[in-house]
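Colleague: Residues or ranges marked as active site, nucleophile by TrEMBL: Cys97. Taken from TrEMBL, the feature active site applies to His187, Glu189. Feature annotation from TrEMBL assigns domain 'GMPS ATP-PPase' to 214-410. Summarising the annotation, TrEMBL assigns ATP binding site to Ser245, Gly246, Gly247, Val248, Asp249, Ser250, Ser251.
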Amino acid sequence: MTELLVPEAGFTPEALHSESILIVDFGSQVTQLIARRVREAGVYSEIAPFNSAAEAFERMQPDGIILSGGPSSVNDEDAPLVPDAFYQAGVPILGICYGQQVMAKQLGGEITSHEMGEFGRAFVDIETTSTLFEGVWSKGERHQVWMSHGDKVTSLAPGFTTVGTSDGAPFAITADEERRFYGIQFHPEVVHTPDGAKLIGNFARHVCGLTGDWSMAEYRATKIAEIREQVGVGPDGGKVICGLSGGVDSSVAAILIHEAIGDQLTCVFVDHGLLRLNEREQVETLFREHYHIPLVVVEAEDRFMAGLAGQTDPEKKRKFIGGEFIAVFEEEAAKLGGADFLAQGTLYPDVIESVSFTGGPSVTIKSHHNVGGLPERMNMALVEPLRELFKDEVRDLGRELGLDDKFVGRHPFPGPGLAIRIPGEVTKERCDILRKADAIYLDEIRNAGLYDAIWQAFAVLLPVKTVGVMGDARTYDSVCALRAVTSTDGMTADIFPFDASFLTGCATRIVNEVKGINRVVYDYTSKPPGTIEWE
Ligand SMILES: Nc1ncnc2c1ncn2[C@@H]1O[C@H](COP(=O)(O)OP(=O)(O)OP(=O)(O)O)[C@@H](O)[C@H]1O
Ligand SMILES: O=c1[nH]c(=O)c2[nH+]cn([C@@H]3O[C@H](COP(=O)(O)O)[C@@H](O)[C@H]3O)c2[nH]1
Ligand SMILES: NC(=O)CC[C@H](N)C(=O)O
Ligand SMILES: [Mg+2]
């Protein structure tokens, strides 16, 4: 564990790092990925929606600006714009997709809307050298990129030259090397542009001239400062309760908040009856052994089961669970004499799937219990220090905080627990059946030494009964589906390719040992098109 830079009261996060990049958000689905790539390049970044970017600029005094993509067309009447002052600030600018188009338009170029765009994989031909590509791409080469646009630049703004072209975009890559303005039609932030991360790194280092000395240690110190600022420290500071599940995210959040505000924090673990076998005891023991943070364990099985009775719609189940979690937290807060803040280990993927991050156009895939599943009325303000991070970054932060490997390496487990792994009605009896099957499956995975190679694995209990024969007798019982995926951040996932013999072994054990299940199947669907959980 590295020593923490303890920020003083009244301290601002900007004071911690000398280098930063401002990302102006025009509502792209993948703006957070730009921030992530900048972090990977070792540079602190902040995202500001286009309409508050001027204030963010004043505060941060960034060394570079990246303009995101977005759903608007620059030819629309109310098209969102970049504050004019940014073009006069002498700071390098990288415009991506809409960002390229809006910069071209504002600086005197032209953009045309076409019926046919380029969506998905495309290729760019590099026509000249550019500081943006130094050491990555050279003149005369052709490279794969990822595009998603209907509009395109058709006439360059004064000072710009064409650096690269694609079939659908004659000005796919444009540069004004003197002003250090770059406009690219493709998206370097997504993995489908294989050299994209390097290009963003080049923008930070070669174009903006940054050294890239930002680290998770600094993220930790920055967040501690922000938490202190939000909650207040000492006798006049607020009280915080943190929903703790024993999962990586909430454990990291709890430790971080505890570092920031000490005993103003109490953790609350809710046993809603939807946990895995022996999970409550394990989490309680592990947490009390490792940390001296007050922990309240709430027995809430009956109320969750009662509320779930008769519910079969996945979104209704999720919304009920989200609301009931908050009701429990509020009751526990009252018992502690009131709390002003509720802390959660919410991550960026929870946010993007539930709602749009800065008011952009993204659709709701499913209401994660801790975001879209929250009730409208909330007494406590939220403290969510991990809200911009992806899972693997949270694990890095956990290691930085000295979190035990037993926590860092745990497979994710969703807050609504077994409820979203039992399609149809959830009952205690069905939870008990699933708990047994899931425990056997994970036991087999651990015994085979596969736990760490898999990102997440679990069993699902289907609302389907099939006929079987056991000991010469007919059975008519439920089907259990097994799922295991590989992933880095849970946003996309691939199935884990078990050997057939491993799956046969699991199926045999589950059918033999779990009463109520007589058939086992394996889920071969990646994400997309599937999601990881079944509901
Ligand atoms: N049983 C629970 N009791 C209290 N809070 C919970 C519980 N389950 C989930 N939460 C809260 O909801 C948040 C989101 O849950 P989520 O499962 O995404 O994170 P996690 O459990 O901390 O980590 P992981 O994703 O590794 O399981 C948690 O960080 C925690 O604040
Ligand atoms: O805390 C959570 N509350 C939720 O409501 C929720 N829904 C899904 N997940 C977890 O998120 C990751 C992506 O899951 P999906 O592909 O099913 O959306 C996977 O790791 C899922 O287990 C949740 N976690
Ligand atoms: N992904 C984007 O930024 C798209 C920009 C603009 N809406 C277009 O269709 O060209
Ligand atoms: Mg969890």
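The first residue you see is number 1, and the count goes up from there.
Note that Cβ sites are derived from N, Cα and C of the backbone, with glycine treated the same way.
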Colleague: Within 8 Å of the Cβ centroid of the ATP site residues Ser245, Gly246, Gly247, Val248, Asp249, Ser250, Ser251, which other residues of the same chain have their Cβ?
Modeller: Leu244, Val252, Ala253, Gly345, Phe407, Arg410
Colleague: Starting from the Cβ of His187 (active site), draw a 10 Å sphere and report how many other Cβ atoms land inside it.
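Modeller: Here the count is 23.
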Colleague: Considering only the recorded positions Glu189, Ser245, Ser250, Ser251, which possess a Cβ situated under 6 angstroms from at least one atom of ligand 4?
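Modeller: Going through Glu189, Ser245, Ser250, Ser251 in sequence order, those close to ligand 4 turn out to be Ser245.
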Colleague: Can you count the other CB atoms that lie within 10 A of the CB of Ser250 (ATP binding site)?
Modeller: 23
Colleague: Mind giving me a neighbour count for Val248 (ATP binding site)? Other Cβ atoms within 10 Å of its Cβ, every protein chain shown.
Modeller: 24
Colleague: If you draw a 10 Å sphere on the Cβ of Gly247 (ATP binding site), how many other Cβ atoms land inside?
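Modeller: If we count other Cβ atoms within 10 Å of Gly247 (ATP binding site), we arrive at 19.
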Colleague: Just the recorded positions from Cys97, Gly246, Ser250 whose C-beta lies under 6 Å from any atom of ligand 3, please, or none if there are none.
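Modeller: Result: Cys97.
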Colleague: If one measures from the C-alpha of His187 (active site) to the C-alpha of the residue listed as 'active site, nucleophile', what distance in angstrom results, rounded to a whole number?
Modeller: 7
Colleague: Considering only the recorded positions Cys97, His187, Glu189, Val248, Asp249, Ser250, which possess a Cβ situated under 6 angstroms from at least one atom of ligand 1?
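Modeller: The qualifying recorded positions are Val248, Asp249, Ser250.
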Colleague: Per-residue pLDDT averaged over the domain 'GMPS ATP-PPase' (214-410) comes to what?
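Modeller: Averaged over the domain 'GMPS ATP-PPase' (214-410), per-residue pLDDT gives 89.
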Colleague: Glu189 (active site) to Ser250 (ATP binding site): how many Å between their Cα atoms?
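Modeller: If we compare the Cα positions of Glu189 (active site) and Ser250 (ATP binding site), the gap is 27 Å.
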Colleague: How many Å separate the Cα atoms of Val248 (ATP binding site) and Cys97 (active site, nucleophile)?
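Modeller: For Val248 (ATP binding site) versus Cys97 (active site, nucleophile), the Cα atoms are 35 Å apart.
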Colleague: Looking at Cβ-Cβ distances, which residues of the chain lie under 8 angstroms from Gly246 (ATP binding site) while being 6 or more apart from it?
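Modeller: Listed in sequence order: Phe269, Glu279, Gln282, Val283, Leu286, Phe287, Phe407, Arg410.
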Colleague: Which residues does Asp249 (ATP binding site) neighbour through Cβ under 8 Å, counting only same-chain ones at least six apart?
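Modeller: The answer is Gly345, Thr346, Leu347, Leu386, Lys391, Val394, Pro412.
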Colleague: Measuring Cα to Cα, how far is the residue listed as 'active site, nucleophile' from Ser250 (ATP binding site) in Å?
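Modeller: One finds 36 Å between the Cα atoms of these residues.
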Colleague: For Ser251 (ATP binding site), which residues of its chain lie six or more apart in sequence with Cβ-Cβ distance below 8 Å?
Modeller: Leu244, Phe287, Gly345, Gly398, Leu403, Phe407
